[in-house]
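Per TrEMBL, the features are as follows:
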- 137-171: repeat 'PPR' (REPEAT)
- 242-276: repeat 'PPR' (REPEAT)
- 312-346: repeat 'PPR' (REPEAT)
- 347-381: repeat 'PPR' (REPEAT)
- 486-520: repeat 'PPR' (REPEAT)
- 521-555: repeat 'PPR' (REPEAT)
- 556-590: repeat 'PPR' (REPEAT)
- 591-625: repeat 'PPR' (REPEAT)
- 626-660: repeat 'PPR' (REPEAT)
- 694-728: repeat 'PPR' (REPEAT)
- 729-763: repeat 'PPR' (REPEAT)
- 764-798: repeat 'PPR' (REPEAT)
């Protein structure tokens with residue numbers, strides 16, 4: 001028997017509208033039955049007690065009880081109460097023939113809006129069972145619980161469940177699973193866990209479907225480890241698992257992400273004879289890519305395909321991300337072509353990955369091609385895609401492309417202030433403030449309000465150009481706009497003043513920031529340290545650093561790199577080494593920049609042994625030299641005319657997979673030129689097929705060829721230089737004119753002088769002295785004095801060398817006749 005519990009005497013009426021559907025249904029059902037019903041007297045007594053007594057008289061004949069109820073419920077004056085309903089439900093639930101009638105009655109009643117609270121209904125059912133001695137059976141309670149779930153009254157279902165437990169009425173596992181599943185769908189994660197805990201306290205752990213619901217709840221709540229724990233506990237209890245259980249726990253492992261466990265479970269699943277689903281493979285492949293185990297991701301992709309499942313769009317996206325992370329954009333693009341050929345339609349995620357990757361590596365032709373293809377497929381670009389393209393165009397200096405794209409994106413409602421900020425930042429970093437201001441005006445014209453980041457970018461631009469008054473004006477605009485400057489705003493402004501060498505105003509800005517109660521960031525502290533080093537006040541950094549540390553600042557490698565670089569620039573080698581030692585003692589690891597700075601300083605101070613010692617220490621710590629580090633080493637040895645060691649590091653650079661840049665080639669070519677080994681210098685020049693030569697390289701090569709008297713070769717190289725768009729500077733012209741004059745080619749030197757004037761480059765006194773000396777040697781005194789007068793007309797003051805040539809005739813024959 002169910003446990004008896006006393007209730008108050010007050011009764012709750014049953015709303016009439018909730019039972020109309022039921023009575024129609026039961027009338028149809030009973031019209032086909034031959035159940036005997038006594039009609040000896042008309043139904044005239046509608047009192048509660050009479051109805052209860054009559055229902056009890058039909059306890060052994062549930063269908064008769066139902067027919068009686070159908071008859072009285074239509075009579076005027078009949079008051080339907082909870083205890084009448086509960087008695088009828090208990091009678092119907094006692095016979096298999098009327099189980100469906102009980103369900104139907106409960107469903108219609110619970111679906112109504114005026115049913116009593118779940119707790120009230122359950123407690124009345126318990127009281128009814130005890131009072132009228134029904135057999136102990138939880139059927140009607142489970143039907144009620146199921147009705148609440150079907151009516152989407154999940155909170156009431158949970159209340160019903162808990163009230164049942166309070167009265168030791170245990171839900172069926174199947175009904176409990178229905179409840180748990182419904183709760184999972186509604187993301188009632190904590191309630192699912194609570195309901196399960198209450199059942200498990202009664203040693204009812206459910207079946208595999210219970211486990212499914214429980215683990216899914218954990219997934220939705222982000223409790224991936226807990227999902228794994230439930231899986232392990234179920235395994236230990238000997239619960240018969242299925243493929244779905246494995247799929248869910250594998251998904252949990254992937255979410256952590258813990259790809260090694262996911263792969264282990266996947267293998268175990270296959271060994272048990274189950275073929276993982278497409279979704280399971282998709283999750284594991286994605287986890288492997290995120291964890292950087294791309295080899296395993298590719299293996300699983302092959303396993304998935306061999307199991308008869310084609311690569312889907314999500315797997316393709318994950319694999320493309322993996323290829324792009326490894327810098328293998330060609331494989332990502334190849335996979336793109338393969339899935340398209342296989343009939344898979346690329347989605348916006350795939351285009352996002354590929355466009356972003358192509359933009360980052362500077363392949364804007366391909367990025368733009370993908371963008372165009374995407375639009376032709378009627379796939380709407382996202383802000384992320386637009387911003388990736390803008391960053392790429394800006395880095396490649398394709399500003400016209402960027403402007404067109406931005407205009408199009410704004411018109412289509414895709415771009416916003418973030419998109420404008422990307423271009424503003426790029427322009428301002430390069431000091432192109434006029435272009436940035438023009439873009440700013442366009443942004444305002446489109447009705448897009450500038451953000452604080454926008455203003456910060458403009459301050460950065462003015463600071464890059466050294467226009468600090470304009471930078472201050474932007475700061476005032478921020479305050480007027482109602483925005484509040486942040487630490488970045490003040491720090492950019494401080495940095496601008498430090499670059500101008502105005503420490504006093506830089507610290508004034510810092511004081512304003514403190515007065516505004518804006519906390520300093522690492523960016524702020526590092527900027528001040530770097531600023532002091534820039535203006536030659538490195539000695540003050542020690543006290544400043546100690547003060548910052550007291551404020552909670554933790555010095556970084558960058559902090560010490562600034563200090564070491566500052567000391568090195570001042571030639572204070574011992575102080576730089578002391579800073580390096582303090583850095584190591586503080587547990588701050590030096591990086592490639594640290595060692596490169598030290599090596600460069602040691603070379604500058606001619607302390608080659610210390611430079612090599614730092615190089616060895618760097619390698620012993622497992623740090624790989626980058627192109628800048630190799631450049632410093634090679635340049636150091638080239639300046640010392642030690643081309644043997646320079647060549648050794650040049651070869652090592654290429655052996656480790658790096659590509660020499662123009663700076664490295666310039667050092668090597670200059671080094672060989674100093675040794676008058678122009679053959680080696682020209683051989684290096686030939687190797688620069690895909691690396692554009694800069695002005696310094698051309699200056700070294702042409703100067704060296706002129707020194708050897710190879711004028712024709714030098715002038716050919718000069719023509720190549722001009723055709724490649726390299727613009728000569730005053731130093732280059734001085735080298736060229738000096739070389740031509742030294743070899744008696746005064747006519748050509750004169751043409752170069754006219755070229756300088758045509759390019760608005762004013763020749764120096766040294767250039768005029770070279771030409772005057774050349775004509776004096778040739779006996780062309782008239783031209784020599786004409787050049788002297790021209791020099792005066794340009795506002796250049798002749799020096800002692802000029803007078804020695806013209807007045808005293810002190811000449812040195814410093815050229816060798818040109819060999820035909």
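Cβ coordinates are placed from backbone N, Cα and C, and glycine is handled just like the others.
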Provide the three-state DSSP residue tally for the repeat 'PPR' (764-798): helix first, then strand, then coil.
26 helix, 0 strand, 9 coil
Pop the mean pLDDT for the repeat 'PPR' (556-590) in here, whole number is fine.
91
Tertiary contacts of the repeat 'PPR' (312-346) (same chain, 6+ residues out, Cβ under 8 Å):
278, 281-282, 285-286, 289, 292, 294, 297-298, 301, 304, 353-354, 356-358, 361, 363, 366, 374, 377, 379
Tally the residues of the repeat 'PPR' (729-763) by DSSP class, grouping H, G and I as helix, E and B as strand, and everything else as coil.
26 helix, 0 strand, 9 coil
Where else in the chain does the repeat 'PPR' (626-660) make close Cβ contacts, counting only residues six or more beyond its ends and a cut-off under 8 Å?
592-593, 595-596, 599-600, 603, 608, 611, 615, 618, 667-668, 670-672, 674-675, 677, 680, 691
Same-chain residues at least 6 beyond the ends of the repeat 'PPR' (694-728) whose Cβ lies under 8 Å from its Cβ atoms:
662, 665-666, 669-670, 673, 676, 678, 681-682, 685, 688, 735-736, 738-740, 742-743, 745, 748, 759, 761, 816, 818-819
Per DSSP, what is the residue tally for the repeat 'PPR' (591-625) in helix, strand and coil?
26 helix, 0 strand, 9 coil
Could you give me the DSSP helix, strand and coil counts for the repeat 'PPR' (694-728)?
26 helix, 0 strand, 9 coil
Summarise the repeat 'PPR' (521-555) by DSSP state, stating how many residues are helix, strand and coil.
26 helix, 0 strand, 9 coil
Summarise the repeat 'PPR' (347-381) by DSSP state, stating how many residues are helix, strand and coil.
26 helix, 0 strand, 9 coil
